[in-house]
Ligand code: BG6
């Protein structure tokens, strides 16, 4: 029996084949919170970029839902401005016209039944007029307090209800609660309306190319995995430093702080990807299962006063500019104890990682914007050189440079040219910019496309969310009872207590 060969350039040939361009089928996306900063800076430009790369079908429709009294034309103008300002790819009139013909805007409050009924009619009309085929995703880019309201409205209006041959999906932006208890409550609300396989929780770090590269590096090569364990690894440092302050986000950030904002999600996901065992395959279940195992095995230090550190940025000079301290930021109470810097020492209780500390740190108003994972190796057990001439030899390290200069650095010792046997640290770099001609897509491009394709590996499961809160809750509870965070200078690398935490182990933070 012969089967007709599938044309090799048919991108729809096999959706499991990730080497091929993946194109979404007929679908619509509704964004709640479309007037917000995230929508303008990330979501709307990402949708345009997907369309420009030919990854959205011509029938794609985008509906904005917001309180503003806008017409669809006003909405289109807002999208246009956001695209012009923030899109990654060049502006194309052709792409824009095709995309904009699928725009709709529905005005209303989240507690307004009539507005959701109008939304349901709009979505049904899109199926008839544009061929979205009944497939719709709902993006909740709204404050967490509005989640229950919007979800219940989606249910009441029938919008969450799939048909036999069409899907309905929901996309939830972090924070998924502010502790374990609230995460469970949120999940109760979500699971009342959508089954787990229709829920896509966004942790945008998982959409970053360099984060996916951790798995490619580890599991597509023979080189790294044999040394990826406590026989060779001394410790791991995961850093997410930002040079900006909280800007206009006081309402969200105060009372949340650095640990809940980025360690509970982004940094613990990076830890899980760095420490996990090889997944059985690259499907969502296998990947999530391995990450869950790591998160379940994470252990905190017994004395949280010594194994964690936190700080708050003071006023001062950064980059030649005087910047306000956290307490002087608009909307922040002068006695707020919210941390803008958090560091912690964790261990992973497994045969592979026993005894290897994982140091995590994240903060705002630090020296520069950089996210990296540094796997630092033990020193060679014996050096056949004169110690005096090998004095500048540090520890070997593999550093995943997540951003901004995306790539991987390997640090090792090499002989200094000359007659003496002097060994010094050098590095070998792989940079995305040099190695590939394609630019990395934005994380949101990848993630929005994956939602439309129904492809879940890059979205954390509720269980991962819960495990991450389980790790963090004792720390944030301890901090709440431990007074004010230590002030640090803007442009510095955080509070002295974070340095002391490593110094107690005879180690130092890397200077990224
Ligand atoms: C978000 C945090 O998840 O990530 C922000 O809420 C932070 O506080 C942002 O600024 C950083 O994202 P990126 O992609 O610029 O590293």
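Placed from the backbone N, Cα and C atoms, the Cβ positions cover glycine too.
TrEMBL does not curate its annotations; it predicts them automatically.
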Residue in 185, 225, 242 which TrEMBL records at the substrate site where 204, 208, 261, 364 also bind: 242
Taking 109, 208, 242, 266 as the recorded positions to compare, which has the smallest set of other Cβ atoms within 10 Å? 109
Rounding to whole Å, the Cα atoms of residue 174 (NADP(+) binding site) and residue 242 (substrate binding site) are apart by 19
Among the binding-site residues 67, 174, 204, 364, which residue has the fewest other Cβ atoms within 10 Å of its own Cβ? 67
For ligand 1, pick out the binding-site residues 67, 110, 261, 364 that have a CB under 6 angstroms away from one of its atoms. 261
Of all C-alpha pairs drawn from the substrate-binding set 204, 208, 242, 261, 364, the farthest apart lie at a distance in Å of 20
From 204, 208, 242, 261, 266, 364, the recorded positions whose CA lies within 10 Å of that of residue 109 (NADP(+) binding site): none
Please report the Cα separation of residue 110 (NADP(+) binding site) and residue 261 (substrate binding site) in Å, rounded to an integer. 25
